[in-house]
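Lifted from TrEMBL, the feature list:
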- A:6-24: transmembrane segment (TRANSMEM)
- A:17-395: domain 'Cation/H+ exchanger transmembrane' (DOMAIN)
- A:31-47: transmembrane segment (TRANSMEM)
- A:74-94: transmembrane segment (TRANSMEM)
- A:106-129: transmembrane segment (TRANSMEM)
- A:135-155: transmembrane segment (TRANSMEM)
- A:167-191: transmembrane segment (TRANSMEM)
- A:203-224: transmembrane segment (TRANSMEM)
- A:236-269: transmembrane segment (TRANSMEM)
- A:289-319: transmembrane segment (TRANSMEM)
- A:345-367: transmembrane segment (TRANSMEM)
- A:379-398: transmembrane segment (TRANSMEM)
Amino acid sequence: MATETALVDVGVLFGAVALAGLVANRIDQSVIPFYILVGMGLGPHVLGRLDFPALLGTDAVPHGSSLALAETDFVALGAELGIVFLLLFLGLEFNVDRLLAARDRIGRAGVVDLVVNFGVGLVVGYALFRAFLPAFLVAGVVYISSSAIITKSLIDLGWIANDEANPMLGTLVFEDLVIAVYLSIAAALVLGGGSVGEAARSIGLAMAFLLGLSLLVYFGTALFQRSLDTDSNEFVVLRAVGITALIAGGALALGVSEAVAAFFVGMAFSSTDHVHELERLLEPVRDTFAAVFFFWIGLVTDPTLFAGVASLVAIAALVTTPTKLASGYLGGRIYDLDARRSTRVALGMVTRGEFSLIIASIALTGAGEGLPEDVANTIYAFAVGYVLVMSILGTSLMQYSSPIESRVVPWLESDGTV
Amino acid sequence: MTVYESDLPGVGKKYEIELEDGERLVVVTHNTGKREVFLKPEADADSDKLFELSDRLARTVGTILEGAYFQPVETERVETLLTEGTYIEWYSVASDGELAGQTIGDARIREETGVSIIAIQRDDEVITPPTPETRIEVGDTLVVVGSREDCKEFEKRLGSSDEQ
């Protein structure tokens, strides 16, 4: 796109995202589907196809593709930074000591969640695509719940002070750890060009890189600590962003998932004294670029493709909502919660969001490489449609939990499950 | 009274405090510093949010609850001007000072620094006026009169942690 319009495009992007956030907030919904929808609306597939001047009866307004926002370098790169910061925060929150302290329950609830949902995802994916890699990607998309949306809903609803918060957040941490490993494997498989040898080579490279990063994290705490020792907020932000972007970018240049590299950088920072300071200072940076990421997801999504995947999305939603409900309920039970609180855990875990979209973006990068182009596009459109449905369904289930509880809990209790 | 502490990954920490008659106060400390305070009528009831505080406000409120907020403001030293150029100052005697354990006469305070010790506060007792035989002890508060220079000179002989 021409350079002279770039700044106004950025203005339109952030203005539209800000407005979408306002609307979402007004009607008590998660912002993520709204960011996606507004991106879709302003993108080449919707606005680009509408002939505005024809509607207005004037030629003064530019029309069609010249009016729509395109996927410029800024948007693509901003979206990439969004992924990097989302995963960096995951790493920051991911404290090995805390996880080990609660490993028994988190482990049991997490494994139930993984086996049930990832397993069902594999089956559904294989039934639909008849190949391993698409099934593997679909399984990831339907398995991973949205840390961002669920945590925010927990705080908004005040559940955070209740006992159901522990199994929910614990399971999310487990999922996040799984997804870090999963993303590195998925990226390697998708970019591996399809041949077994190539895939094995890129998985090997990814694992070696991750091993190197883990060693750096393990032995480099003092280094990371020193790198952030300064009184200036400005320097802390710049250094943290610099280190993160450099390592993530380096990883990507080597063909390793930038998201996973960022996760490890977050883990390294999490063992320094600066973790709270970083969270406070980088949160706005993360939210800014995460919004660009969701907008970009919308921008490159052609909603007409939804028609083709509508049945896939419907099947997946019908199958994976009950499985998440079941695994969530069991998770609550593993934490010794009563039927009512376990029901809340179940309702709360249904939401899928940012990580499913990150998997979708990986599928897209593999178009024509590890994946046939039409399969990649189908998985991408499926993931976006699925997230739109599940994020709205999940937050609604949480909001309307009390009528659901009052119907379901007596039945559960009479059923002898107590 | 029992306080239950648990981690909220991605959010912060939760403290549950057992109150009398089974109620529980729940404090959620967010990583951002925000504190949310909830009340639960009983252990497995839903929590009602009472209020939330910013990090700074929470610390202030906490100090007031602790009963410590209205203690005197700490300054480097207490300093009162008697007349132009003459000060009354309060010094506490630290264990590492050379004066601790000496009598006022042996320490030759007046001769070497020019200040006069006009009173010594020791626990609840006030020794006034102290005599040359009065022994200076660790923990004493010395009330001293002298010029600014003399007071500084005296401060040096008190040792490192001479501020009150």
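Just so it is clear, glycine is given a Cβ too, placed from its N, Cα and C backbone atoms.
Annotations in TrEMBL come from automatic prediction, not curation.
Among residues of the same chain six or more beyond the transmembrane segment (A:31-47), those with a C-beta under 8 A of the stretch's C-beta atoms are 12-13, 16-17, 19-21, 23-25, 65, 67-71, 146, 148-149, 291, 294-304, 353-354, 357, 384, 387-388, 391-392. Simply put, out of A:6-24, A:167-191, A:345-367, A:379-398, A:167-191 has the most Cβ pairs sitting under 8 Å from the transmembrane segment (A:203-224). If you count C-beta pairs under 8 angstroms between the transmembrane segment (A:236-269) and each of A:6-24, A:74-94, A:135-155, A:379-398, the highest count goes to A:74-94. Note on the transmembrane segment (A:6-24): residues 30-31, 33-35, 37-39, 42, 69-70, 72, 74-75, 291-292, 294-295 of its chain, located 6 or more positions outside it, place their CB under 8 angstroms from a CB of the stretch. Remote same-chain residues near the transmembrane segment (A:379-398) are listed as 28-30, 32-33, 36-37, 129, 134, 137-138, 141-142, 145-146, 149-150, 153, 157, 159, 297-298, 301-302, 305-306, 308-310, 312-313, 316-317, 320-321, 344, 347-353, 356-357, 359-361, 363-364, 371, 404 (criterion: CB distance under 8 Å, separation of at least six residues from the stretch ends).
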